[in-house]
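Chemist: Mind looking over this structure? Questions follow.
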Amino acid sequence: MTNIIEASSMTKRVALGKNTELSILRDINLKVKKGEFLSVMGPSGSGKSTLLYNISGMDRMTSGSVKYQGREIGSLKEEDLAKIRLGTMGFIFQDINLLKNLSLIDNIMFPALAAADANKHTISQKAKQLMKMTGIEKIADHTSTQGSGGQLQRVGICRALINNPDIIFGDEPTGALDSKATEEIMSILAEINKTGTTVMLVTHDVKVAAKTERILFMIDGKIVSQKKMRKYDARQDDRKEREESIMKWLMENGL
Amino acid sequence: MFLKMVKNDLVRNKIVTVTVFVFITMAVILAASAIHNIASLIQGMSKFQESAEPADITVMHAGEFDQAKIDQFTEQYREHIAVQETMVLQNIDGSDIQIGQHQTMAETIQDISFVVQNKNFDFILDINNERLDVKEGYVAVPIYFMEQYDLHIGDSITVKSGWYEKMFVISDYARDYEMNSPLTSSKRFVINQSDYNQMLKMQAGELEYLIEFKLNEGGDAAAVQTAYNEAGLPANGPIIEGKIFTMFNAMSDMVVALVIIFISMLLIVIAALCIRLTFLATIDEDIKEIGVMKAMGISQKGIKKIYLSKYKVVSIAAGIIGYLLSFAAVNLLNGNRRLYIASDLSGNLNYLLALIAPIFVYVMIVLYCNRVLKRVDKISAVEALRSDIMERSKKRKYSFPLQKNKFLSLNSYMGLRDIGKRFKLYRLLFVIYIVCTFIVILPVNMYNTLNSPEFSSYMGIGKQDMRIDLRRTDRITDDFITLQEEFKNDNDIEKYAPYITSSYQVKHADGTWHNLNIEIGDFSVFPLKFLEGRAPEEEGEISLSLANAAEDGLNKKVGDKVTVEAGGKEQTLTVTGIYQDITNGGKTAKAHTSLGVNEASVLWYIVSINLAEGVAIREKMNYYQNAYSTAQVNNIEEYTKQTLGTIIDQMEIVVIGGISIAIIIAILVTALFLRMLLAKDMSQIAIMRSVGLTLRQISYQYMAGTLMVLLVGIILGALAANFLGELLVSMGMSSMGASKIEFVHVIWQTWLLCPVVLLAAVGLTILMSCKAAVKDDLSAVLRS
Ligand SMILES: Nc1ncnc2c1ncn2[C@@H]1O[C@H](COP(=O)(O)OP(=O)(O)OP(=O)(O)O)[C@@H](O)[C@H]1O
Ligand SMILES: [Mg+2]
């Protein structure tokens, strides 16, 4: 299997004052396989979000290299990065980040319309189909102020999926949701992953991590440890064990 | 928290503060210098009047003349008349005056005369407003000619007329209260008595008399005029009242000052709009803090004070700086006044009066801020803290869905729908673009109108190629006849029509008789535009100029009757039409030929001519000019241009100023607005980028929105300038005798050049603003 992401010796520093710099990411080496379902954990401020933003090219890393689908992210122009994001990446955020003046369905259609490689009718069919799949078809014409957190997060997922991405990044997508909604969102993501889409999540929630097949653990901007598991399968009733083993692993790493 | 908020506000709105400051400063500079100039104009006029002591009534007369009768009349009306004096003008044709080697003054439309200084009043002054005392061999030349022919003190002019030939050295500018203005059609050159006597002896010029009266304080000018007419005293020229001179002198400076005050008002409006924009933006952002402060028990007054104090400081600073800078600006636009009316004025009154501008601006700004800040009252503590919830509960119908977009690209559509979604925000920009377009197009229209051949229709002249004026001489009637004979045989002339103006007596509503100059001829040959009704076509018909028909004139409407007396015979004429005319003080009339010439008081003969196609107008003009020494040949465009010269020149400055100000405003406000908008939309922009839109695509959205607003603004602004502007200008001109000015639109300037200039300036600003707003790392915004 080929790697969709290959990061080596990647760092991110930001200037704080005139002469002071803060290292947020140090010496990141990471390979993500195509079709993998992985999660990133770690204490608050350890650099998890920053990792996502930098390997996806939304932020510019300070040094090192990130290859995305074989192309060096660091040497791409803003325009090309945007094109890659539009066509091959999907993002889900904790606070969803919908466009305020668009209805929910328009938010979902927006990236497809921007890519403009299908006609409007096809796009709107696709959006409706996605909304149906995630169970929010009834609120299509609402605005972003008129939905519950769980509903809106599904809108975020639909938007991330509309252009058939190769990878989905989620920065604590379930962070603001109750356990029932979290459960539902995770099963949607698992479904997506089954179709071959790579999924990479940042989470604090062991229950979320338990449904992924690899967990990275970060402290102080470094990936200090990782844990591999079998792919989760709801039919094998091993959720409890997975969660417990993760807890144990986290403790070992000093959390 | 107070300090924090004020500091936040300053940092956040640095550009806004600077912009508001610039606008207020500019407004103060303009208003203060305009007021300053009006004040010094008034002061200068009164000093000028004091030194020149102009006549209250001036009667022009050419031909037979008996001073004894006039003296008798003067004695008879001693209760009104203080002094009488007759000035004898020696009229010299412009072509007989040589400047330098080859040039003559032939082209001028002005009547030129040589005079000596009066003894008692109506003095002609030098550039320092001292009475001229010209030495032998020297001449004082009217300022109008010094300017027109670019003459300097020390240059010489040569008068060559018949046997007479003499060279004069220019020793002074002649500042002439009565005949300064290009709108007065005669100009007086002042020479020494002995030169004058020699000229007289050699009959160099045609004689003309200015019979001038200075009245006692409280003397009745109208009564003297009527009595003069009734006494049958010589008056075959116009009778002019003193106040017309004052108006002509002040007019062009006044017009310019008023235009500038108008622009400065617009600037204040724009500054106010900017303040409103900042208030709305900052108060929205601070709404939670306001709530907290209210919850803490801080009074509304206290809260408002925080917002207000900044603008108080800004407007005080801008007021002081603007006021000081106005001292420098003052001299930019009063060149005309300094030359024609008074060079240097003492006294500090102007400076004091100019203080009105900054004080007025300060009061306006503070009042306006208070009004905008009413919003703070409406925010209750709880509400402010819950503003999010409030928003959520608002259910509105979703407009402009993306699916509805059939023709536009996604980004153009996003930009355009944003205007609909947030019209309140864009409204400000919209108003400002309208104002900017207005400021550009109104002066351009005025300039084009003044400069166009069609302007002749406001001067009571029909459209024509060329006109010949015959001067009052003993030969005038003979010349007039031979001239017409020659026209008949000249194949180059397509058509011509002679017009004779003579003075008649007309009965006013109160039964008194007054002078009225009536032009007779066939008005169908060179049709004149009529405001109402039509030209007189038959016997017993007359048309009046607007000022004559007005209430303070004859007070007549179309269809009314007018009683006119000529040669001892009374005739009743029907008013067929009213036309606009700004010449001769606005008071003229036109009647059908059958009215008959009032032989005793013919004022002037005019022949209007249209040339056949392909005939060189310049050559024709030269031919007739040389063939008839008493004739004055003008092409009509030149005629209007010379008459309106100063106003056109000053208008040029206003046009350039208007365009520069409009562009500065458009750029500053656009930059300001976009900065605010981009800051407000920071997260939305980041979201769009995270989804995969490029910065270029996003700036395209803002470009589409802003340019759309600009486009509509330009259209509305141009329409406003064309229609509302026409109304405004007509109102301003109505005192001069033209109440319905129709602008000459130069289509490509209104609809191509001005829009392109504004579009380019704004487009570039948008591009720069969007570029400047870029932050490289998206995460900084997205995860806040
Ligand atoms: N632009 C920036 N300037 C300064 N500091 C930054 C910047 N971006 C991130 N940081 C700092 O870098 C560290 C890592 O931030 P990051 O958001 O990646 O952590 P995280 O692991 O996602 O934390 P959390 O679990 O709370 O979301 C934090 O201490 C943060 O304050
Ligand atoms: Mg984070």
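Here the Cβ of each residue, glycine as well, is placed from N, Cα and C on the backbone.
Relevant sequence annotations retrieved from TrEMBL are reproduced here:
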type	residues	note
TRANSMEM	B:254-279	transmembrane segment
DOMAIN	B:261-368	domain 'ABC3 transporter permease C-terminal'
TRANSMEM	B:311-329	transmembrane segment
TRANSMEM	B:349-369	transmembrane segment
TRANSMEM	B:425-447	transmembrane segment
TRANSMEM	B:653-678	transmembrane segment
DOMAIN	B:659-769	domain 'ABC3 transporter permease C-terminal'
TRANSMEM	B:699-723	transmembrane segment
TRANSMEM	B:743-767	transmembrane segment
Chemist: Could you name the stretch, out of B:254-279, B:349-369, B:425-447, B:653-678, B:743-767, with the greatest number of CB pairs under 8 A to the transmembrane segment (B:699-723)?
Modeler: B:425-447
Chemist: Out of B:254-279, B:311-329, B:349-369, B:425-447, B:743-767, what stretch is closest in contact terms to the transmembrane segment (B:653-678), meaning most Cβ pairs under 8 angstroms?
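Modeler: When the Cβ pairs under 8 Å are tallied, B:425-447 comes out ahead.
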Chemist: Sort the residues of the domain 'ABC3 transporter permease C-terminal' (B:659-769) into helix, strand and coil with DSSP and give the three counts.
Modeler: 97 helix, 0 strand, 14 coil
Chemist: In terms of Cβ proximity under 8 Å, which residues at least six beyond the ends of the transmembrane segment (B:425-447) contact it?
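Modeler: That would be 259, 263, 266, 269-270, 273-274, 276-277, 418-419, 648, 651-652, 654-655, 658-659, 661-663, 665-666, 669-670, 673, 677, 705-706, 709-710, 712-714, 716-718, 720-722, 725-726, 728-729, 743-746, 749-750, 754-755, 757-758, 762.
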Chemist: For the domain 'ABC3 transporter permease C-terminal' (B:261-368), jot down how many residues DSSP puts in helix, in strand and in coil.
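Modeler: The domain 'ABC3 transporter permease C-terminal' (B:261-368) comes out at 94 helix, 0 strand, 14 coil.
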Chemist: Restricting to the domain 'ABC3 transporter permease C-terminal' (B:261-368), what is the model's mean pLDDT?
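Modeler: When the pLDDT values over the domain 'ABC3 transporter permease C-terminal' (B:261-368) are averaged, the result is 80.
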